[in-house]
Amino acid sequence: MAGAAKDTAERPAEEEEYRLSICSKLCYAIGGAPNQVAGSAAAFFLQIYLLDIAHITPFHASLVLFVGKASGAVTDPVAGFFISKSRWTKVGRLMPWMLACTPFTVVSYFFMWYLPPFVSGRVAWYLTFYCLFQALTTLFQVPYSALTMFLSTDQKERDSATAYRMTMEVLGTLIGAALQGQIVASAHLSHHCTVNPPVNTTDTWHDTPSFPDPTDPLSHQAKVYMIAAGVIGGVYLLGIVILFLGVKEKDDPYALNSDRAIPFCKGLGLTMKHGPYVKLTASFLLISTAVQLEQSNFVLFCTHAADLRNHFQYLVVTILVSAAVSIPFWQKFLQRFGKKCAACGISWMIPFAVMLVTIPNLILAYLVAFVSGLSIAASLLLPWSMLPDVVDNFRLQNPHGKGHETIFYSSYVFFTKMSAGIGLGISAAGLEFTGYKPGMCRQSNDVILTLKILIGAVPAILILVGLFILLFYPITEESRKETKLALEVLRRSHQSTENLDDHKEDTSV
């Protein structure tokens, strides 16, 4: 009876120990927002910047986008390898990586939006700095994502921290798109492009540039992009300061002092054989590619295929406001009905996107933007909420290894980035093949048809296939609870073993 009473008294103390304050969750969430601010600006505007401001061909733009994404993807396992071998420091094992890479990320991001005075070497310029930016953001994102596992051992607390993080990241995405959209909107407006063309559209109208080639780095078009880059660079610095001051990283509570880190290659092999992880990654690999295609081609679609040139920045804001507001709804939904059930919300955007492609109407465009925001919020929240469950499941099957968290997170980001890079490269190459002409007021019918396919049909197919794969994801709400109880027993047994070892050492002394 006394032992039972003691266990009952210890449980609230342990729960309190691993409970996160609202301030800690907010600081953790704010720390990741700058990556989303910059990523949002690049996702929505980099392709149109390269085509219409830097005046490089669609083929070279596809090369920049694909190689940049690929460099970030390749950096993921490399970052995971070195981070998994990092030693514990006064500020943690993951925090030093985030602190060290942030200043270089800011510099590379600024030069990614700088228009060099030379023309012949522009492709190499943007390729270099976009690759650097992708690699450096990976060095930040891998430890930041893995930090979720070192905030608390309580699944509810981790899910709550993930919901805070997703809400703030969607807000960061909103801020990035809104800042970039409002600052650079004037760079994409041209008076004679807003005038209704004659009914019999001539080749002259098609071939009229919407603005002169801004070869001068101090031109208005180039200057507004550099201003936006400087503002977002300041957001980066603010975010890392808040993360460092407000978040305390905890060591692995399940690992014994005698446990050794899993070798990276062995851990990667075990990861690729772990069924729940393979199914989760395959599913959201396709879904994230669909979302990336929507983001990167949406501004081009509004400008050239839907005659919404003067509304694209407001439509982007509508998407992101809808996503930000709906994150708490999805968090409550998945807590009540389960995470696999919440995935159905990702498919909501499909019929509305198809309607916009077939009936390009302003009111319908705003409705599509709102519903797309709901779906994007679900697609952002779910994988990062489900991945800790996969890591816990792996931990239960491999109780005497540690350091595998970064392997899971880095390999997941690797696959999603690589698939997004392939998707963006193919979409830009498709525009090149159909004859996209940078800076022109009107594009050919083939280009317009390609943009409609990239916005409607391709994302719909990818999302449906991804959701079909997710049906076979084996971790349910019941199995999550069983895993939580088993890990709690494991943690207590480890604590008892270490206390016994300490007692033996004291006795021998």
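Glycine is no exception: its Cβ is also placed from the backbone N, Cα and C atoms.
Whatever TrEMBL says is automated annotation, not expert-curated.
Annotated in TrEMBL:
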TRANSMEM  94-115  transmembrane segment
TRANSMEM  127-151  transmembrane segment
TRANSMEM  224-247  transmembrane segment
TRANSMEM  311-330  transmembrane segment
TRANSMEM  342-359  transmembrane segment
TRANSMEM  365-387  transmembrane segment
TRANSMEM  407-431  transmembrane segment
TRANSMEM  451-475  transmembrane segment
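Under 8 Å from some Cβ of the transmembrane segment (407-431) lie the Cβ atoms of residues 47, 58-59, 61-63, 65-70, 72-74, 76-77, 79-81, 83-84, 134, 138, 141-142, 145-146, 262, 264, 267-268, 271-272, 277, 281, 284-286, 288-289, 292-293, 296-297, 300, 383, 387, 390-391, 394, 447, 450-451, 454, 458, all in the same chain and six or more residues away from its ends. Remark: the transmembrane segment (342-359) makes no contact with the transmembrane segment (127-151), by the rule of 3 or more CB pairs under 8 A.
Here the transmembrane segment (365-387) has Cβ contacts under 8 Å with residues 145, 148, 159, 162-163, 165-166, 169-170, 280, 284, 287-288, 291, 294, 302, 306, 308, 311, 315-316, 318-327, 330-331, 334, 339, 342-343, 345-349, 352-353, 355-356, 408-409, 412, 473, 475 of the same chain, all six or more residues outside its ends. The transmembrane segment (224-247) shares the most Cβ pairs under 8 Å with 94-115, out of the stretches 94-115, 311-330, 451-475.
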